[in-house]
Every structure is written in structure tokens, then in C-alpha cells.
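Asks: Just dropping this structure here.
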Amino acid sequence: MGEITNVNEYQAIAKEKLPKMAYDYYASGAEDQWTLAENRNAFSRILFRPRILIDVSKIDMTTTVLGFKISMPIMIAPTGLQKMAHPDGKQRSSHKALWTGRNMHDYWKGFQSVVKIRECATARAASAAGTIMTLSSGPTCSIEEVASTGPGIRFFQLYVYKDRNVVSQLVRRAERAGFKAIALTVDTPRLGRRESDIKNRPVLPPGLTLKNVEGLDLGKIDVANDSGLASLVAGQTDSTLSWKDVKWLQSITSMPILVKGVLTAEDARIVVQSGAAGIIVSNHGGRQLDYVPSTIMALEEVVKGAQGRVPVFLDGGVRRGTDVFKALALGAAGIFIGRPVVFSLASEGEAGVRKVLQMLRDEFELTMALSGCRSLSEITRNHIVTEWDAPRGLPSARL
């Protein structure tokens, strides 16, 4: 393998290493996958307006999220089932080699023989980078196992299940384990139609479980329709979820709540009224409703709807430090990355995640310098131009 020089290269490596079922589960989107592609493509239609002759010998990328200081505005989004992505950070051979000439049961038996904790590897990488990890509700290691990796700022992503007692138990466990916030996912009243999963019918391999709900009565996985993994979520996620449940969640926890899945100004205003602590602009990685806007296209509308009363974050499509800068210029307080973490895990384990975070940090720092920005507060809307901008007048220049 030659030197990896950008985040995108990890996806190609992961595709070679992972069996088709696992790769498609992570990489695919809903229906025509237009939103999946648009999450990336939309960034390329935003251009820079750099300022020159500014002393950029010192660049400060630090920021504060919900009162917690982090080294950069780049954080890790929730991505479940990370053990499917990479069994062992020391193993460099292709996972496909285990599959060759064997049936699925034998493949997973070999896969499990070298399984180590992958969400924990992600937690360690995030802590080393001085940033935040968000643990998925559907991880293959538990809240407590992730907490045991050592110090770090961690958020917990929450699906609201039909049984509210299960939700209460998860929230209490996250609080006891020292997690700092809840990222409430609100865009899955029903599961999006992910056609690659319907074709592949991915299932959890023997010995691999959703650790946070292990032992709880969430029913059996049914592979008769759609994918086995999807049917577990679809069968338990509560389609009656509404704004009153945000209030209920606030009543059972002191942790601040970020509402994840907002795409419109109307909903941003309701989030503010609900008393939630912040917003994550997300379209679930293009895996739910196809033909919704990319997150970067929806961002400015949501920021305007929030009116500066709560921070707004972006999740979806970020692969370059330039993308981070564009999101901040449009009003984001920070960004989350998801698939790059999974693909780097599949490629190089914990070292891969560390490298992804470092590459994005280096690219973002360079973008700031070349744009004439020495701190995040100096990144403004005037540093970019979008296709929806009105023709510009000439802003007054000053030294």
C-alpha cells in the first residue's frame, strides 16, 4: 500500500478489504442514492474568497462545544457495528480472504476469532486528537466498555425505542459512564429503503451483538423482509416519536440534548423552543429519505432558523479540510464525520482513525491560513461564494 494522502483513499481500501455485504451496509444510501452523492458533490459548488497579506504564522483551531474545549471543530459521528468494519487493528490482510471458498457461517467464525473492540479504538483515537466521539445506540461494544478506555469527551447517540424503560436505562447508563450529551436521532420514524441491504440481507454474525441492548427484550431479528440488521431497528424504533418526547427526555436526564436530523428552518425554530441544547444538520448519510438536500445546502437555512440561540453542527459529506471551512463559513459550530471513521477502521484500525483526524486537521489548518483566518472567529460568510448567492456588491475594504 502506498502512502495514504487523503481521507477518500480509505474508502477504496475498505472496499477491497471488506466482504461485499459489510461494505455495502456502510457505503450505500437510500433508493437512487442521489442524496448520498449530493452530500459530497454540493461541497464542490462552494468556492473560496481568500484574503491576502494577513499574518497567519499562528493558527488557533480550538473551540468549545457545549462548554467543553476541544482541539478542533472536527468530531466523530455515531456509526454502529464498527466491529464489522475491522476485527483487529494489527491485522492487515483482507477480510475477504477469510470469506474465499467458505460459507457465511465459516467466514464470520474466522472473523470473530480476531475481533477486538473497535468502538473503543475510535474512542481512543478521538481522545488522542482532543476531540469528541459520539457513541452509537447500536455499537458492538457497550457504553461501559467505551468509557473504560480512559478520559475523553463523549456523547451518546439515542434512538427512542417503543419501550421507554429501555430508553431510560440507556440514558442512565450513559450518565453513569460520564458521557456529556445526548444526540437524539429524529429522522427515523421508519427506516429508509436501502436497496443494497435488501439484496444482501446483512445479518449480525454469530457472537456479535448490539451490546447496549443486550439482555433487553427488543424482539428477534427477522430476515424475511429487508435486511436483518435493518429489521431490528425498524421493529423497535418508535414511529410515534414527537416533540413531546424531547421534553420527556429532558425530564429524565441532566445531559444536554442535541437534536440530530434537522434540515429546515421551521424545525430549527421548534428545537430552540423545545429547550434543546443544539442542532445537528443531518440527512442520516443519505440513508433515509432520498432527494432531500445535502447537509451543506440545508445548513444555512437551519442556522438562520436557530437565530444564534443554539449551536448548529453539520454531519454528512465531509471528506476534506476545505469542507470543514465551508461549513463553518455557513454558520456551523463544528462538523461530524462518520463513514471516514468506518473506512479507516477497516483499513488500518485505530491508527487509521488517528490518521483521518490528523489529515482533516492539517487540511483545515492550511485552508484557514490560505484564506487569511487565524482563528475560527475570523471565518466568515464573506470567505465563500455559493451558487445561491445574489450578485455581490463590493464590500468596503479596510486594513
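Keep in mind that glycine also has a Cβ here, set from the backbone N, Cα and C atoms.
A quick note: this is a predicted structure, and the numbers were derived from the prediction, not measured.
Taken from TrEMBL, the feature active site, proton acceptor covers HIS284. The glyoxylate binding site annotation in TrEMBL covers TYR25, TYR159, ARG194, LYS260, HIS284, ARG287. The FMN binding site feature in TrEMBL is assigned to PRO78, THR79, GLY80, SER136, GLN157, THR185, SER282, ASP315, GLY316, GLY317, VAL318, ARG319, GLY338, ARG339. Annotation comment: TrEMBL describes 1-389 as domain 'FMN hydroxy acid dehydrogenase'.
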Asks: Taking Cα atoms as reference points, rank the recorded positions TYR159, ARG194, HIS284, ARG287 by distance from GLY338 (FMN binding site) and give the first.
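Replies: With Cα distances computed to GLY338 (FMN binding site), the winner among TYR159, ARG194, HIS284, ARG287 is HIS284.
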Asks: Tell me the Cβ neighbour count for HIS284 (active site, proton acceptor), meaning other Cβ atoms within 10 Å of its Cβ, over all protein chains shown.
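Replies: Its Cβ shell of radius 10 Å holds 22 other Cβ atoms.
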Asks: Reported as an integer number of Å, what is the Cα distance between GLY316 (FMN binding site) and HIS284 (active site, proton acceptor)?
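Replies: Given the Cα positions, GLY316 (FMN binding site) is 8 Å from HIS284 (active site, proton acceptor).
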Asks: Taking the Cβ of VAL318 (FMN binding site) as centre, how many other Cβ atoms lie within 10 Å?
Replies: 29
Asks: Return the member of GLN157, SER282, HIS284 nearest to ARG194 (glyoxylate binding site) in space, with distance defined Cα to Cα and candidates limited to these recorded positions.
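Replies: Going through GLN157, SER282, HIS284 one by one, the closest to ARG194 (glyoxylate binding site) is HIS284.
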Asks: Using the alpha carbons only, what distance in Å do you get between TYR25 (glyoxylate binding site) and PRO78 (FMN binding site) once rounded?
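Replies: That comes out at 15 Å between the alpha carbons.
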Asks: Say you check the Cα of GLN157 (FMN binding site) against those of the recorded positions LYS260, HIS284, ARG287; which is nearest?
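Replies: Smallest Cα separation from GLN157 (FMN binding site) among LYS260, HIS284, ARG287: LYS260.
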Asks: Please name the residue among the binding-site residues PRO78, GLY316, GLY338 whose C-beta has the most neighbouring C-beta atoms within 10 angstroms.
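Replies: Compared across PRO78, GLY316, GLY338, the most Cβ atoms within 10 Å surround GLY316.
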Asks: Whole number in angstrom, please: the longest C-alpha to C-alpha distance across TYR25, TYR159, ARG194, LYS260, HIS284, ARG287 for glyoxylate.
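Replies: Farthest-apart Cα atoms in TYR25, TYR159, ARG194, LYS260, HIS284, ARG287 are separated by 21 Å.
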Asks: Any idea what the model's mean pLDDT is for the domain 'FMN hydroxy acid dehydrogenase' (1-389)?
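Replies: Within the domain 'FMN hydroxy acid dehydrogenase' (1-389), the model's average pLDDT equals 87.
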